[in-house]
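Following this message is one structure expressed as structure tokens.
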Amino acid sequence: MSRLTAEQKIQPHWWRKTLIGVVLGLSFAYSIIAIFAWYGPGGIDAPVKVQLNMWLVGLIWLLCLPFVYLFKTAGQAFKYLLIANMVGYAVFFALRTWA
Amino acid sequence: MKVRSDILRTYQTLHTWTGICAGLVLFIGFYAGSLTMFKPAIEAWATPPTHQLTQIEPQRYDALIQQAYAYSDKAKRSLTVNFEQDQSPITWYEQGGSRGINLGNTLTHATLDKNDQLQLQTTPRSELGTLIDQLHRTAGIAGKLGDEDLGVQILGIAAALYFIAIVSGVIFLLPTLVKTLFALRTNKGASRFWLDSHNLVGVLSLPFHFIIAWSVVIFAFHHPLYDGLQAIYGDKPLFAEDPAESNKQIYNIEQLPSIDTYREKVAELAPGYQLKSIEFSRLTSDAPTAALEVVTDNQLMRGGFSDFIYIHAFTMDIAYTSIMPPGENSYNTIVKSFFALHFGNYAGNTGRWIYFLLGLMGAFLFYTGNLLWLEKRRQKSPQQTRSSKFMAALTVAVCLGSIAGVAITLFANKWLYIMGTSINHGYLWCYYLVFFATIIYSFSRGAAIAAIHLQQLISFACAGIVMTTVVTALVPQWHIWSTFDTSTLIVDFVAVVFAIIFYVAAQKTKHRALNGEENSVWYIGKTPVAQPALNLAESK
């Protein structure tokens, strides 16, 4: 592994990355669970499923938090999480409209 | 395993700062959580055995219940039938209630004598187990934030930081994990020893820590998380309406089904489970409820110590049950497993002892984490930085102060009864007085001296718990404690173990303070002058 230059290294950007992880991580978690809630096993009406959904939103959110710091800059973290959100909600609304 | 150095540095920083921010409240949450594994035993230990009245034969419960209803309107509001041998057959709240924390809770116990005459006794209810549970859930932080406990919310945030700390800790350990996991190097200085034991305990109990961190975040923030889900569910209600609500009929209390009928219902709904208690509520209203508390030793249970089935007291229609036959609803099974994995209730008392140790190991993890933070910042001179002294004093005060608070509260319990004071208020006074006194002491005398004295204090308090049990059993004036249930002696046994552990630890701490590394916040050495943790003059 060759030595990384200063620009190639991860920039700290602690506060911005944290904020991005908390906000966009949560909305991303909801987009995944939205798809699972409606189209996962049992559909939207399966009893007790709402509780699992709530637990899983928390889990996906928590998993986003430590890994948001892997992005090189806060800007990249924002960009990729925004894309992930857009894809998640696009799939969800597409399914809701046409499925 | 190779990991890029900038990634390692990022996660090391992350691990350090999330750990240092969350560690102290989590320490309290973990060690108090260990104690709550034995909440029923602690409550039984804390309650004078004379408060419990004699149990009766199974076929006489119905007569007793009807007599109690005829006697008291408060019993009609809510009455609990207990089937366990060492408890009164029935109790009801004379004051207060089972919801939330109520320091003025007063219970009336009732039984039948040989001639079927009602025997009554009204006594204040010891909330010691509930208060330790509250300490576990809030770290002792009082106050409300809207409808939620402020302490629960703070622990929720701490648990999220703790989740980050777990992941980042594992990541920055990856390069050396395989080589050094089981290396416990005692010959390379205190710092290396603490680091090795911190890593060993952390990695080996990783699954436990993962489920605890996740579940605590959920326990704290389930309301807002459900609110968010409502947007996804749209017009669909999150929870189905209670079907029992359509029935508005009011029943006569004499028509209450017999206890045997409820036992049959339990056998049908929860085969293999034991009926532990039934709580009848609002029997004279249009929503009469029977809450059946059922237990088993080898299943995942939804509550801390039991499963629950709520039924209409007269028609026996199910309103809610936490037990569903396997295969019928796998979502229920999955969600229940999260709760059970937090509560450690799926393997009887063996499982509880394992959780007890895991909890203490968790507390150890946070304590050693703070020690490592201090070691890293150690200056190569007798004068240590202000932040090191502050953190050392705070760590010692919060961790040892909280343990000392609980130990002294347990020590005071029997004396509070003998003095006839309001026991539950007494518990709170004991805990908070000791806790705040240790904070003042630790900051005024410095961490090194406070660590020795506080460990001695804990050791003496634990020894005092046992001596109190012995002394009160022997002196006839204190007869309320003269007979005791031998099953609660486990509390005294654990107190002996802790008295010894803290005594030895205090000796070792003292030895290091006098003979150890001189350039350290823990050094007292030849100049036993108090070094205040916060001395404004020093910082200049």
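Backbone N, Cα and C define each Cβ position, glycine as well.
Because TrEMBL annotations are produced automatically, they should be read as predictions rather than curated entries.
Positions annotated as transmembrane segment by TrEMBL: B:12-32, B:154-178, B:199-221, B:353-374, B:390-411, B:426-444, B:456-475, B:487-506.
Surface or core, plus neighbours and distances: that's what I need for these features.
Among residues of the same chain six or more beyond the transmembrane segment (B:12-32), those with a C-beta under 8 A of the stretch's C-beta atoms are 132-133, 135-137, 139-141, 154-155, 157-159, 161-162, 164-165, 168-169, 172, 216, 359-360, 362-363, 366-367, 369-370, 373, 391, 394-395, 398-399, 402-403, 406.
Within its own chain, the transmembrane segment (B:154-178) is flanked in space by residues 1-3, 7-8, 11-12, 14-15, 18-19, 21-22, 25-26, 29, 137-139, 141, 199, 202-203, 206, 209-210, 212-214, 216-217, 219-221, which lie at least six positions past its ends and keep a Cβ under 8 Å from the stretch.
Non-local neighbours of the transmembrane segment (B:456-475) in the same chain are 400, 403-404, 407-408, 410-411, 414-415, 418, 481-482, 484, 489, 491-492, 495-496, 498-500, 502-503, 506; each lies 6+ residues outside the stretch with a CB under 8 Å from one of its CB atoms.
Through the fold, the transmembrane segment (B:487-506) approaches residues 38, 41-42, 44-45, 86, 407, 410, 452-453, 455-456, 458-460, 462-463, 465-466, 469 of its own chain, all at least 6 residues removed from its boundaries and within a Cβ separation under 8 Å.
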